[in-house]
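Only one structure is covered here, and it is reproduced in the block below.
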């Protein structure tokens, strides 16, 4: 009805939960009746064994008078307290969402380091400032356990520094819930046949050992060292175990104890930004790498310190690997959805990469909270927002270009080419933007380059007038032809002195100081005109020796230029040659053929098909080569009689292996052009006359030849657009950007917006899903908290620390209300604080973690995010929650000459029971790593069901025996 699939748990968990609530409520009333009958013989002892119906004043909430209401009023009061407590739990979950967002931003901070290789080459890369293990045990654990920790501290400080049952029992109860129920759920929800293993097993061993030690330590200080009294040194040592635990976990993560005595070498990996660690004997040669001025080698003390965290082991995902993965995803999406726009492909790729990316505990906690409160799937919302921003930015840029208020005047091209015999060359001037109703004037003037005015071209200057509505004008410059062999020459044409005329101006032309606001020169404002000589058959060459092409170009076109003349028809052969790039359709398609230049034709193109592999990085080469040019219709025994006077042109015939020329009409001294055939019996050995020598020299000067660049190296590179898209996506797939906020406006919009939750089909290509009924219900239930906590500073400020500080203060305030409500709820129905804490408060504070672990178990590749942090969080709860509270209270009482007394009974019994069950839990998890199951989570259905049932049973037994001890049915310590 309410789309409850989003909150569905295992049947085992649901059954256990309902059984627990029923048993607890019945238990409380039975215990109360039994305790009353026992009171007559047991005197004051029973005061600790029964739940009191008389409430005490809370830290914030007063007592609800009268103290002895009727049965109906008790039900009403209990309902009010329970509903208020649940509503406060919702508020804590939402502010904890902000809190975890700030932690994600803080722990995602990076720093740039410089790596200097042995050859002197330097590269830059980024590393995270926070070590993953350290952040998980400090900020992450604090974020997920803040309510329990603060409840313990506030309870002690708010009740005149006396020990209470609510805080410590909540911590122990929460630990039991995390250890048994959450892990049972994670084992069960993994799809049948799939497994999840803990990747960092060393860290798990250390945190599990510290977790069990933490609760063993509580028993020792309560029942062994100083029974019933917590001394100052015990409280402080409990607190200082926290940093010691963090250091031990960090040492295990960094492998610093045993590995310190193994020589380590570091080398730069083949991929940029990657540092690879080696272990073994010390080499004889010096192969050190410097990073930030430090020589990286094992004999350098304290290199791997906490300030500079180098990701050198196998757990780190290299930036280049991430980019290649993004490139692969984009390629697959293009093939799968060829009809989609690039913005849609970016959205799909962004969501897919974010879904597959390894995520922190904070992210899963945030995701779970937002799904529960109708805030939607954070990944899909982020991907859609990024795509919309990309489209809007494109529209804005287009609009700005089209609506530019200033008219730009510029040449259509920066370079123009023409033949010497063309007569005139035309240059186009463009007017773009601004008010087209104005009249714009612009001057132009030619300037000598290697070509000279008067002998090569006609000097030209003047003014171009753009009338209202005109956007394009043409100017012409005369070109002077001659019969002299010469190099290609060029001259310049400049635009200057833009003026604007409008009806508003009195004299018709605006003053110069106002022109720039209406019209100005654009780029290019200078054009270069190259004159190709037409008195020669031509020199054939590529434009440059090397060219770079994108693999996405499809068909690449390479120009072959004909310079220093363009007379006659010439054939130029060409072919491709393999280099590191392979032909045959692997990297390019083999191409060969001939280019035929017609008379006066100065450029031809060669087309080669390049294969698009859509690689993020590519650098392969092949070559394109042109052969010796030859004239069309060659004959070895033909020649042309040349006169001393007049012009000539190529006939396509050869004399003594050289081109034969003929006279050209309409020259200075025109004569008839006649082709003369030399007799076959002509003797090649006969001495040439001086006239024939001159003819031969001229023929030699005019034959087609190869130029400087006859072999072009083609370098195939990755697509710039494709690489740019990947780089942008890589930046957008930072989870800190996904969960963080940049402004209060963004937070308030998010607070009042209802979004669709998770989809079962996960149809990434479907239309955007509408919110369900459940999403609307949860949104309206939590909208007050969402709007209230939208006032918390965005994570953009102070790199997340402003949000961190304000959020933890808000959590503390709500936790104080929860403590009072839980205590009053318990006393109203006759439950002891210890039972209320273990059952209700621990459950309420652990619900977001439960769903976070469920999502992590199904989506993550490893089990670390779902259960790996449970053990560390349990240890941190004791060391911070109980350590801080008891240290403060012990110091306060010691300063007053008193002792800080803590009853060891219920707490010590619960701790001992939890420790025994925790050993069983860890043992079962380690056994599941055997090949027949394959991992801590998942596996065959039977194994999953048995494991989940066992863990749920352990939790029920823990609750059952703790309640029996609390009500004195069994003897504790």
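We count from 1, first residue shown onward.
Cβ coordinates are placed from backbone N, Cα and C, and glycine is handled just like the others.
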Check each of the ranges 45-65, 108-128, 171-191 against Swiss-Prot and return the one annotated as transmembrane segment.
171-191
What does Swiss-Prot say: are residue 130 and residue 968 on the same side of the membrane?
no
Test of record reading: of 44, 869, which one does Swiss-Prot tag as N-linked glycosylation site?
44
Write down the single range among 75-95, 264-284 that appears in Swiss-Prot as transmembrane segment.
75-95
Annotation N-linked glycosylation site per Swiss-Prot: which of the candidates 136, 160 has it?
160
Helix, strand or coil at residue 420 (Ca(2+) 2 binding site) [DSSP, three-state]:
coil
Which residues, given as numbers and ranges, are at least 6 beyond the ends of the topological domain 'Cytoplasmic' (928-944) yet have a Cβ under 8 Å from it?
186-188, 190-198, 857, 863, 866-867
Of these binding-site residues, 420, 482, which scores lowest on Cβ atoms within 10 Å?
482
According to DSSP, does residue 482 (Ca(2+) 2 binding site) fall in a helix, a strand, or coil?
coil
How about long-range neighbours of the topological domain 'Cytoplasmic' (192-204): same chain, 6 or more residues beyond its ends, C-beta under 8 Å?
133, 186, 249, 252-253, 255, 315, 857, 860-864, 866-868, 871, 929, 933-941, 944
Over the topological domain 'Cytoplasmic' (846-874), what is the model's average pLDDT?
78
